[in-house]
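**Q** Have a look at this one before I ask anything.
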Amino acid sequence: APRAGTCYQQAKQVLHAAVPDRLQGREREAGILRQFLQEHVLGHRPGSLYVSGAPGTGKTACLSRVLLDCKDKLAGSKTVVLNCMALGSPHGVFPALAQHLGLPVATGRERVRSLEKHLTAQGPMVLLVLDELDQLESKGQDVLYTLFEWPQLPSSRLVLVGLANALDLTDRSLARLRAHPAGSPQLLHFPPYTKEQLTRILQERLGQVAGDPVVDSAALQFCARKVSAVSGDARKALDVCRRAVEVVELEVRGQTLLKPLPGGES
């Protein structure tokens, strides 16, 4: 039946790790992110937030969702999102940021100085989101220090949000920031998803597919239990389910090819 084909296609589509309309099990974190943006970007108060959590715990998805929801409110400020994986080196963050802010490309010390000047001049608030922040660790941590010190400069208009897998990046690498308490970033940790949260995530995704459930609910719970025991990584759970759907799809395809002619018992 052609419907069978489309229901598997649809199931595989909804199981991709895209940003959903509503994030299951991350209401608390989304609330804290919204509050932070409200207080700092909309309240014109420079500051920094360090978001930690293992891969697949919803950090990027949650922030992306909140940024989408607050798009209109944030229209008066400048938002720059950089994935630090894509930078050639830790120092690559400076030219990338300069480019986004429309500044002429400078080199060396001048580069950091011109950015500093720009971020402490009159103008709208700048929200800088650095995903995969762990990639900016360098000898002496000068890159991370520079970035986290910018919101503390007099008349700064920078709000910095860094996302990283390491729980202790700030303790380990940014101990110096602890010295001036005003400057230490606010921390937000994303714990691994629980079995119940993973089950809800999978159910909500698959609930978007019309018709009978493609994956049995006992199977979903089994998948959620296994993944939560190992990592609590939602991407893993979505992956496992997607593979399961592919296996079933291939089996069904095999059966339809081998089915006897109508009239016979299939």
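Cβ from N, Cα, C; glycine included.
What TrEMBL records for 45-164 is domain 'ORC1/DEAH AAA+ ATPase'. TrEMBL lists 193-251 with the feature domain 'Cdc6/ORC1-like ATPase lid'.
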**Q** Residue counts in helix (H, G, I), strand (E, B) and coil for the domain 'Cdc6/ORC1-like ATPase lid' (193-251), per DSSP?
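**A** Reading the DSSP string over the domain 'Cdc6/ORC1-like ATPase lid' (193-251) gives 44 helix, 0 strand, 15 coil.
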**Q** Over the domain 'ORC1/DEAH AAA+ ATPase' (45-164), what is the model's mean pLDDT?
**A** 92
**Q** Sort the residues of the domain 'ORC1/DEAH AAA+ ATPase' (45-164) into helix, strand and coil with DSSP and give the three counts.
**A** 60 helix, 25 strand, 35 coil
